[in-house]
Amino acid sequence: MIRLLTSRSLFNSPVITSSIIKMTAKDMKAPSSSMPQFREDFAKAKHIVVLTGAGVSAESGVPTFRGAGGYWRKWQAQQLATPEAFEDNPSLVWEFYHYRREVMGTKDPNKAHIAISECEKRLKSQGRRVVVITQNIDELHKRAGSENILELHGSLFKTRCTKCEEVIENRLSPICPALADKGEPDPKAKDAKIPVDQLPRCKKAGCGGLLRPHVVWFGESLDPAVMDSAENELDHCDLCLVVGTSSVVYPAAMFAPKVASRGVPVAEFNPEKTDVTNSLGYHFHGPAGSFLPEALARHPSEPE
């Protein structure tokens, strides 16, 4: 059973901590920032995995609720994205997710999303595979046109019934009448305190249970089927890109070092170095949208 953890909770695990120490101590060579060198690795790759995190969505203006100023009202995501928070105050948690759902109506895929999607389509015709494994729940990869997507943490636009456990796509705006015009992020905004019977409810005949966002909250287990698929892709890829992730949320933070440990080229595209940077082959310092269009463009060796 694999649970969603932050780096702080991760380091309470002696087994995982030991693995990290061994991995980081083993490989301290500074990563390359040579785009021509990366392009040669790209030209040879037949199975490419792209790991994406909140940073790529942030380039589309999506709030990340991380770091300085990363608050919704007076809370950070880690305080609201938990089963305990939902049990204690489902109205508040639904306001938070309603806000996030509504915000996405004003956001569009950026150059990084589009570069990944166009690369997947182009390489497919060459018998080459591109797969996105994302921690993001905003579906911007899907909107950009990517097809091979594994959503590790679920989707803002799916709900799960807490009673019958049915999972369905839900794009209603608002998701229920009581949440209309609610979710204002201003710290001075008052909590709506919506009665639980007016929150989103299951419409399956004979159920009527309380719905929750179909996302993986901190402390919850990731979907085993999704994890198995992700691990299979990572075990067989011959090139890996790590895009816009701070590598602090586990288990995803361990994916890239694991791939690099078997000699596969791994390229990190991020405005900052991370805890795993020095275990990877490449680091491109800056916004993904500034690098990916060039990194994933047609190589001269590709057929016209």
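Positions of Cβ are set from backbone N, Cα and C atoms, glycine also.
Noted in TrEMBL for the protein shown:
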- H153: active site, proton acceptor (ACT_SITE)
- 53-72, 135-138, 244-246, 270-272, A288: NAD(+) binding site (BINDING)
- Y97, R100: substrate binding site (BINDING)
- C161, C164, C202, C207: Zn(2+) binding site (BINDING)
- 28-302: domain 'Deacetylase sirtuin-type' (DOMAIN)
Excluding its own, the Cβ atoms lying within 10 Å of the Cβ of Q135 (NAD(+) binding site) add up to 20
Row P271 (NAD(+) binding site), column other C-beta within 10 angstroms, all chains, value 15
CB contacts under 8 angstroms to S57 (NAD(+) binding site), restricted to the same chain and 6+ apart in sequence, sorted by sequence, are T64, K107, N136, D138, L140, G244
Of the binding-site residues listed (C164, C202, C207), the greatest number of other CB atoms within 10 A surrounds the CB of C202
Excluding C161, C164, C202, C207 themselves, the Zn(2+) site's Cβ centre has within 8 Å the residues T162, K163, E165, E166, K203, K204, G208, G209, L211
Close to H153 (active site, proton acceptor), taking Cα pairs within 10 Å and only the binding-site residues G61, R100, Q135, are Q135
Candidates Y97, R100, C164, C202 (binding-site residues); nearest Cα to G53 (NAD(+) binding site) turns out to be R100
Rounded to a whole number of Å, the separation of the Cα atoms of F65 (NAD(+) binding site) and Y97 (substrate binding site) comes to 12
If you measure between the CA atoms of C202 (Zn(2+) binding site) and Y97 (substrate binding site) and round to the nearest Å, you get 17
For the binding-site residues listed (F65, Y97), most other Cβ atoms within 10 Å of the Cβ sits at Y97
Rounding to whole Å, the Cα atoms of P271 (NAD(+) binding site) and R100 (substrate binding site) are apart by 24
